[in-house]
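Report on the structure given below.
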Amino acid sequence: MEMASHPAVHPVALPPPYQAVGPPAPPAVRINDFPGSPGTLMGLALRFAQLGFALTALCIMVSIVGFSSVTAFCFLVAAMVLQCIWSLCLGVLDCYALLTKRSLRNSLILSFFVVGDWITSTMTFAGACAAAGITVLIDNDLNQCGPNHCNRFEAAAAMAFMSWVITTISFFLSFWILVTCR
């Protein structure tokens, strides 16, 4: 004798849902509200911090007479200009998203953020390392730090490294959200 299951469904009565008295509970935090993600207040703060450090490094380098005679310093200036433009554009986009209450959690937009952050982060790191290397060469190996503004070079390299750290944080946050978005 063969046993067969029957397709009949037996409904079960459920108790009515619990009705809480008082104000409704706040919505649960979702991944698209993650601090630091594009379109959030923390994401905007990260962009302006990137812009601030990059602009500081750029202003320090430009204020030094004769910085353009060293290729590494010219590369740092070019990288900081690119970082400033990138951070300013994405900061404006974050402001727009915050003001209009729109989400930037689109995989195409997040891919754009990830690739742009990766490129600018790499350029910023390369420029900061090159400037720091030349500064160490001038200071420690050639012992010609007096007439060559080593303190300013060191400050510009330090600001570039800070901009790199914040851009890298932004890159990893955007990449993580892009991966979990799909």
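Cβ coordinates are placed from backbone N, Cα and C, and glycine is handled just like the others.
Annotated topological domain 'Cytoplasmic' per Swiss-Prot: 1-47 (among others), in sequence order.
Sequence annotations record features per position, and here Swiss-Prot assigns transmembrane segment to 48-68 (among others) based on sequence analysis.
Residues 127, 130-131, 133-134 of the same chain lie 6 or more positions beyond the ends of the topological domain 'Extracellular' (69-72) yet place their CB under 8 Å from a CB of it. Swiss-Prot lists 69-72 (among others) with the feature topological domain 'Extracellular', giving sequence analysis as the kind of evidence.
Annotation source Swiss-Prot lists transmembrane segment at 73-93 (among others), citing sequence analysis.
As a whole-number mean, the pLDDT of the topological domain 'Cytoplasmic' (94-117) in this prediction is 91. Residues annotated as topological domain 'Cytoplasmic' in Swiss-Prot, with sequence analysis given as evidence: 94-117 (among others).
Residues annotated as transmembrane segment in Swiss-Prot: 118-138 (among others). If one looks beyond the transmembrane segment (118-138) by at least 6 residues along the same chain, the residues whose Cβ comes under 8 Å of a Cβ in the stretch are 54, 57, 61, 70, 72-73, 75-80, 82-83, 86-87, 144-145, 148, 150, 153-154, 156-157, 160-161, 163-164, 167-168, 171.
Annotated topological domain 'Extracellular' per Swiss-Prot: 139-158 (among others), in sequence order, evidence recorded as sequence analysis. Residues 57, 60-61, 63-64, 73, 76, 128, 131-132 of the same chain, all 6+ positions outside the topological domain 'Extracellular' (139-158), place their C-beta atoms under 8 angstroms from a C-beta of that stretch.
Annotation source Swiss-Prot lists transmembrane segment at 159-179 (among others), citing sequence analysis.
For the topological domain 'Extracellular' (139-158), the number of residues in each DSSP class (helix H, G, I; strand E, B; coil) is 15 helix, 0 strand, 5 coil.
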